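What TrEMBL records for 8-119 is domain 'Longin'. Marked as transmembrane segment by TrEMBL: 189-209, 229-248, 255-272.
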Amino acid sequence: MSMILSASVVRVRDGLPLSASTDYDQSTGTQECRKYFKMLSKKLSQLPDRCTLKTGQYNINFISSLGVSYMMLCTENYPSVLAFCFLDELQKEFITTYNMMKTNTAVRPYCFIEFDNFIQRTKQRYNNTRSLSTKMNLADMQTEIKLRPPYQISPSELGSANGFAHLSVAEYKGTGKISAAPHQRLEPVTLPGIVSFVLSLLCGALNLIRGFHAIESLLQNEGEDFSYVIAFFLGTAACLYQCYLFVYYTGWRNAKSFLTFGLICLCNMYLYELRNLWQLFFHVTVGAFSTLQIRLRQPQGKSPDYNV
């Protein structure tokens, strides 16, 4: 018999369970699948937003959106379209009921356990497929799955004790390729980080404008030094690269930010004759502030071992 057995809502960044079914099956097979739930919850930030894990007689499907993942366990013959429609309904209701501030600041596991009431009602509807009245949604989901099928995770890609082994290189339609070193997510942005990002953009724009003015001056006066133009544009590139380092994770990120700050200092030292002390102080201070914010915004650490 095809049916949905259980579902849970998990925060992506650390695997904190926010809500879950309270009447799941206690059989050996489903207990083993709950171990897979725990493994998957630790790696949600490194996986695509729509995945399926086939584990013998059962399938685990999940979708992720706005920092929250919606996971469900069903029998292997349960239709994939119905499974993802079920998850889509959970997602829409959860987003409507709880704002992002609550989910981001939650510290206790299962702090939204009252959401299980909606999970149970929705599960009953989807386990009685004849009474489903969402034919239009089913058609839309079927089309979407054909255009962007879920990424298939095999049990062999899971480590036995330490969670995930490295994912093999595989094609995920709609998101490109997933390599053995997936893109790492950074911690949430803070207000000082936003300020540093905006100030870096401002410094980059000022350097760019002054660089074009220097080109105009060079064309009008042949005696002007072209190296000033290079210094202005290098300053622009350094400011923009600091913005990039703040937003995206790369290898040697902290070292790159310090080198970029050094380049900003060198450019401003060279432009000493064209800028007053306040201008030099502003550019160097913004560069130092941005470097600090890059250093403080670290990749998300390993998720705690919650009893999911």
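Note that Cβ sites are derived from N, Cα and C of the backbone, with glycine treated the same way.
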Close approaches to the transmembrane segment (229-248) from elsewhere in its chain (Cβ under 8 angstroms; 6 or more beyond its ends) = 186, 193, 196-197, 200-201, 203-205, 207-208, 210-211, 214-215, 218, 256-257, 260-261, 263-264, 267-268, 270-271, 283, 286-287, 290-291, 293-294, 297
Tell me, roughly as an integer, the mean pLDDT over the domain 'Longin' (8-119).
-> 85
